[in-house]
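J.: For reference, TrEMBL lists these features for the protein:
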TRANSMEM  65-86  transmembrane segment
TRANSMEM  98-118  transmembrane segment
TRANSMEM  124-143  transmembrane segment
TRANSMEM  155-174  transmembrane segment
TRANSMEM  180-198  transmembrane segment
TRANSMEM  218-239  transmembrane segment
TRANSMEM  245-267  transmembrane segment
TRANSMEM  279-298  transmembrane segment
TRANSMEM  318-337  transmembrane segment
TRANSMEM  349-369  transmembrane segment
TRANSMEM  375-393  transmembrane segment
Amino acid sequence: MSAGGNFAERTGTLRRVMRGRDPGEEHRAATPLELLFDLTFVVAVAQAAAELHHAWAEGHLGSGLAGYAAVFFAIWWAWMNFTWFASAYDTDDVPYRLLTLLQMAGALVLAAGVPEAFQDGDFSTVVVGYVLMRLAMIAQWLRAAAGHPDGRRSALRYAAGVAVVQCGWVARLWATGGWAPATFVLLVVAELAVPAWAESRGGATTWHPGHIAERYGLFTIIVLGEVILASLTAVQSAVTDHGLSATVLLIALGGLLLVFALWWIYFTGSEAELTTLRTALVWGYGHYAVFAALAAVGGGLEVALDTTEHHAHLTERAAGLAVAVPVVVVLLVLGVLHRMTGTGAVGHALLVVAGALVVLGLGFSPPVFGMGGAVFGMGLAVAATLTANLVVLRRRMGARG
């Protein structure tokens, strides 16, 4: 990303024809608008993680997780669709920026509706925000269809698919009883099917593999930053109420070690080789679990600290699992994604599974080691998993070279 450029580049050209970007473009980097877009979306992520923390602290493990998964899908899917579209068609002109602004507004509306979605099961505000984001996306695809003849068929399929599914989300607001979860799953499947249908039948869009990998990496950093902020807030609350204890210190150190080790794991290795539609879809879709689990780590750490202050209505073992399970999900999913693309430091399956099992076992251990010991142990276990994989990776590289 560069802060330079001429005046038109910095302020946005009035209008450009929306032609496909060159997927082989050198030095393609995230734009300031994309970074601002990410910051807006992380507000929604923070809201979802905060409500997950509150639900878990009240002992509502199942319902809290279900609500979190549903809300996070809307956040992640809207972010992902914008990211891939921008990689192929970013014109950075005034209409493009204004439609992006509409998507950002939709993200904030969605974030405002997260508390009532968790507490009352009322998703109406969330759906309004989601539909705003998707309407902007439809307009962007129609612009692409008008300006890029080679990609018109795919663009029109995207626009039509998104529009039809949005009608389904609005209609779902009137679904009651057992129909509500069934229609949600059906609509999620429909959303996920649109890119495969559009790309395979209409021709691939010209997204940039390196740009996509960078965008996912940047959003990962932002989500990890939200985890650090949430954990710091919880630590401050614990210290204010009861002073700095060994348990609080161990949880804080363990949480920081978890964030740092997971960051290292994510960014070790070469860029993902997103050269086929199948690889791109698996990589993109797999990041739902990565992003959601990373954000949930923050909620789990907050619950762990609540337990030490006796503010949480759940057992120590349940609080330990609230930290361990999201970490295990991140390890296993990253292991699959890195192995599939031949990148990263968690490509050795046995080491990844062993590390995940140790973390999961430590999730059950707070009654034995205390909450602080369990969380700190998880941090050490993830760091050890990273170290072991780095050693294996180094030996493989040495054998080849």
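Keep in mind that glycine also has a Cβ here, set from the backbone N, Cα and C atoms.
No curator has checked TrEMBL annotations; they are predicted automatically.
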J.: Quickly jot the same-chain residues contacting the transmembrane segment (65-86) by Cβ under 8 Å, restricted to those at least six beyond its ends, or write none.
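T.: Residues 31, 34, 37-38, 41, 44-45, 48-49, 51-52, 55, 100, 103, 106-107, 110, 114, 117-118, 121, 123, 126, 129-130, 133-134, 137, 140-141, 144, 162, 184, 188, 191, 195, 205, 207, 212, 215-216, 219, 284, 287-288, 291-292, 295-296.
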J.: Considering only Cβ pairs within less than 8 angstroms, which of the stretches 98-118, 155-174, 218-239, 245-267, 318-337 has the most against the transmembrane segment (349-369)?
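T.: Answer is 318-337, with the largest number of Cβ pairs below 8 Å.
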J.: By Cβ distance under 8 Å, which residues at least 6 away from the ends of the transmembrane segment (279-298) in the same chain are close to it?
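T.: Counting only partners 6 or more residues beyond its ends, the transmembrane segment (279-298) has Cβ contacts under 8 Å with 45-46, 48-49, 52-53, 68-69, 72-73, 76-77, 80, 84, 192, 195-196, 207, 209, 212, 216, 219-220, 223-224, 226-231, 255, 258-259, 262, 266, 272-273, 322-323, 326-327, 329-330, 333-334, 336-337, 340-341.
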J.: The transmembrane segment (245-267): which same-chain residues, six or more beyond its ends, come within Cβ distance under 8 Å?
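T.: Sequence-distant neighbours of the transmembrane segment (245-267): 217, 220-221, 224, 227-228, 231, 235, 238-239, 290, 294, 297, 301, 304-305, 308, 323, 327, 330-331, 334, 344-346, 370-373, 375-380, 382-383, 385-386, 389.
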J.: Let me spell it out: take the transmembrane segment (218-239), skip the flanking residues so only those 6+ beyond its ends count, and list any with a Cβ under 8 Å from a Cβ in it.
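T.: For the transmembrane segment (218-239), the nonlocal Cβ contacts are 30, 35, 38-39, 41-42, 45-46, 49-50, 53, 79, 83, 245, 248, 251-252, 255-256, 259, 262-263, 266, 290-291, 294-295, 297-299, 301-302, 305-306, 308-309.
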J.: Any residues 6+ beyond the ends of the transmembrane segment (180-198) with a Cβ under 8 Å from its own?
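T.: Tertiary neighbours of the transmembrane segment (180-198) are 70, 73, 77, 84, 154-155, 157-158, 161-162, 164-165, 168-169, 172, 277, 281, 285.
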